[in-house]
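Here the structure is laid out as structure tokens; the discussion comes afterwards.
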Protein chains: 2
Amino acid sequence: MREGEVIARLRRIATSPEARGLLDDVAVLGGLVVTHDTIAEGVHFLSSDPAGSVGWKLVAVNLSDLAAKGASPMAALLSLTITSSGKWEVDFLSGIEAACESYGLPLIGGDTIALPDGAPRVLGLTAIGKAGKHVPDRAGGKAGDHLWLIGTIGEAAAGLAQLRKDRHASGPLVEIYRRPVPLLTAGHAVAPQANAMMDVSDGLLLDAKRMAEASRCTLRIDLDTLPLSAAFIEAQGDDLKSRLFAATGGDDYALLAALPPHADPSTLSLPEGTTIERIGTLESGPPTVRLISEGKPVALPERLGFEHSHDQHRGSSAPPVAHRH
Amino acid sequence: MREGEVIARLRRIATSPEARGLLDDVAVLGGLVVTHDTIAEGVHFLSSDPAGSVGWKLVAVNLSDLAAKGASPMAALLSLTITSSGKWEVDFLSGIEAACESYGLPLIGGDTIALPDGAPRVLGLTAIGKAGKHVPDRAGGKAGDHLWLIGTIGEAAAGLAQLRKDRHASGPLVEIYRRPVPLLTAGHAVAPQANAMMDVSDGLLLDAKRMAEASRCTLRIDLDTLPLSAAFIEAQGDDLKSRLFAATGGDDYALLAALPPHADPSTLSLPEGTTIERIGTLESGPPTVRLISEGKPVALPERLGFEHSHDQHRGSSAPPVAHRH
């Protein structure tokens with residue numbers, strides 16, 4: 001028995017329309033968008049990661065789910081475990097506080113429990129947002145839609161690669177890995193026009209495949225159009241291999257949106273400096289991703305991103321993963 | 001550094017009025033009551049507890065928080081960890097499902113993550129309820145109020161004591177320990193009249209002390225009035241010692257309410273068979289609990305209930321504890 005069976009069991013329980021079949025990043029309850037992410041030491045973050053950055057990231061990944069639905073932050077509840085001296089937890093809370101203040105997310109409750117000695121920390125956050133008039137899910141994409149990417153990809157994975165080589169590495173890529181920025185304002189601006197939208201947390205290709213499956217379309221992505229930052233290119237280069245690295249790296253917290261072909265994102269009031277790029281098209285066809293580069297098909301890599309499976313991310317050297325049901 | 005310092009840090013972050021100073025069981029957000037409880041293997045439940053009963057209990061303890069605020073269940077988000085084969089988790093979900101169905105609580109989302117091998121399971125639930133017109137907190141009790149207990153106490157602690165002697169013990173007390181019943185209908189009926197209300201989860205005396213501190217009153221409790229069930233008396237007897245055992249045992253999920261002296265709970269439409277008993281009075285005086293029995297003062301026991309502290313509940317033989325911030 002594996003996770004798939006557990007998830008299948010969950011889906012049979014969560015049958016109300018608010019649950020969105022557990023196939024979206026969030027639940028929608030009346031005028032609210034509600035999401036919960038849990039992270040564990042040795043799975044989603046490294047024991048050596050600064051505690052403050054773990055706190056920041058827990059808030060940011062939840063806010064990224066709100067951003068992908070065009071929702072505005074209202075409140076959060078924190079599930080905190082305390083191990084040993086409590087010093088790590090106080091630093092962790094400084095990161096929580098910084099992120100909550102930065103994005104106007106009041107912490108209103110939660111639970112604090114002690115764990116047995118030596119147990120990995122498990123930290124959770126429930127974020128509640130105010131829904132806009134339209135809350136795009138993953139399933140609304142239509143053949144003919146244009147596929148847009150808001151934000152850049154690959155930088156966090158490149159930062160993690162630097163940390164794997166040298167746990168004391170620093171610089172802009174490490175900073176982006178540790179302190180992702182949820183694209184709340186951009187998400188809020190794009191959501192009213194989006195037929196489908198989701199955040200790119202587990203890898204562009206994996207998340208695009210999820211949108212393809214939910215929307216029952218083929219998502220064709222032109223790798224040459226992927227927006228790569230100067231810092232990424234300096235670290236990883238700018239060839240097909242590095243583009244596939246960026247497209248499968250994960251931890252990006254960019255937004256992936258299917259917009260009708262007539263939509264013109266340049267008319268949206270996005271924050272200055274927001275990267276928004278058309279990276280492909282939704283087409284009739286099997287629910288998968290097709291890649292092209294220089295006009296020619298490129299085979300899908302075997303690994304599209306961080307899938308949640310038992311064997312992949314055990315132990316403290318495991319990569320960050322994030323799977324939402 | 002200890003948990004106290006971590007909680008103090010949390011309180012400095014959670015300053016919005018919705019947080020209720022993190023001193024209540026819940027947060028109140030618009031017309032919603034929101035609560036989150038997390039439980040860990042070896043701390044709040046035993047590895048030998050049936051997985052289905054752990055799932056039931058996680059739902060029930062959250063619903064008990066809603067009951068204490070007179071709120072009606074709307075939706076829940078589950079934070080689930082998966083270890084080893086997933087079989088335990090499927091059984092656990094059957095308990096979640098049974099409780100959600102019993103109390104009309106749709107599961108609408110959450111997160112599922114894997115844990116490293118050997119890590120204790122950590123399970124969380126966010127419950128969202130619809131608030132009534134009045135959401136009683138712990139702080140509204142007034143000198144002169146009568147103190148009422150809805151439900152019985154001591155049975156769960158007596159059941160746990162049986163399990164400690166024999167992990168295969170069974171019977172009504174073990175059943176009550178494993179499958180507590182949240183008093184939703186009773187809480188809904190009492191809330192409009194209550195100056196203060198909370199659930200009794202960590203032990204009557206400890207929770208009463210919390211109400212005394214929040215309401216800045218002395219809570220005088222007459223131990224002779226405590227409602228004890230026949231099953232409890234059969235197992236533990238009916239003397240001062242057994243009454244103090246019941247009043248400090250915890251895991252009761254009864255409701256403790258401060259009602260104005262003119263309130264007459266017999267006029268409320270409580271479910272048939274609901275035990276409701278006046279157990280004391282709120283008085284001007286220091287914020288603590290005073291006990292009497294047979295008209296004479298009884299010294300407060302050293303241990304009022306399950307306080308959340310590192311040393312108390314480490315290891316798999318630790319008692320269930322529950323601390324909400």
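Glycine is treated like the rest: Cβ placed from N, Cα and C.
Keep in mind the model is a prediction, meaning the values are calculated, not measured.
The feature domain 'PurM-like N-terminal' is assigned by TrEMBL to B:24-130.
Under the heading Mg(2+) 3 binding site, TrEMBL lists B:ASP25, B:ASP65, B:ASP199. Within 10 Å of the C-beta atom of B:ASP65 (Mg(2+) 3 binding site) sit 27 other C-beta atoms, taking all shown protein chains into account.
Residue environment of B:THR35 (Mg(2+) 4 binding site) contains 29 other Cβ atoms, counted within 10 Å of its Cβ in all protein chains. Per TrEMBL, the feature Mg(2+) 4 binding site maps to B:ASP25, B:THR35, B:ASP65.
The Mg(2+) 2 binding site annotation in TrEMBL covers B:ASP37, B:ASP65.
Marked as Mg(2+) 1 binding site by TrEMBL: B:ASP37, B:ASP111. Within 10 Å of the C-beta atom of B:ASP37 (Mg(2+) 2 binding site) sit 27 other C-beta atoms, taking all shown protein chains into account. In the three-state DSSP reading, B:ASP37 (Mg(2+) 2 binding site) counts as strand.
Secondary structure from DSSP puts B:ASP251 (substrate binding site) in coil. According to TrEMBL, the feature substrate binding site maps to B:HIS44, B:ASP251, B:PHE306.
Within the same chain, residues at least six positions away from B:GLY110 (ATP binding site) with a Cβ under 8 Å of its Cβ are B:ALA76, B:LEU77, B:LEU78, B:SER79, B:LEU80, B:THR126. Residues or ranges marked as ATP binding site in TrEMBL: B:GLY110, B:ASP111, B:ARG138, B:SER201.
Annotated domain 'PurM-like C-terminal' per TrEMBL: B:142-286, in sequence order.
In three-state terms derived from DSSP, B:ASP202 (Mg(2+) 5 binding site) belongs to neither a helical nor a strand segment and is classed as coil. Per TrEMBL, Mg(2+) 5 binding site is recorded for B:ASP202.
Residues of the domain 'PurM-like N-terminal' (B:24-130) grouped by DSSP class, helix first, strand second and coil last, total 33 helix, 42 strand, 32 coil. Between B:ASP199 (Mg(2+) 3 binding site) and B:ASP37 (Mg(2+) 2 binding site), the C-alpha separation comes to 13 Å.
Measuring Cα to Cα from B:SER201 (ATP binding site), the binding-site residues that fall within 10 Å are B:ASP65, B:PHE306, out of B:ASP37, B:ASP65, B:PHE306. In this structure, of the binding-site residues B:HIS44, B:ARG138, the smallest number of CB atoms within 10 A of the CB marks B:ARG138. Among the binding-site residues B:HIS44, B:ASP111, B:ARG138, B:SER201, B:ASP202, the ones with a Cβ under 8 Å from a Cβ of chain A are B:HIS44, B:ASP111.
Cβ neighbour count for B:ASP25 (Mg(2+) 3 binding site) (all protein chains, 10 Å cutoff from its Cβ): 27.
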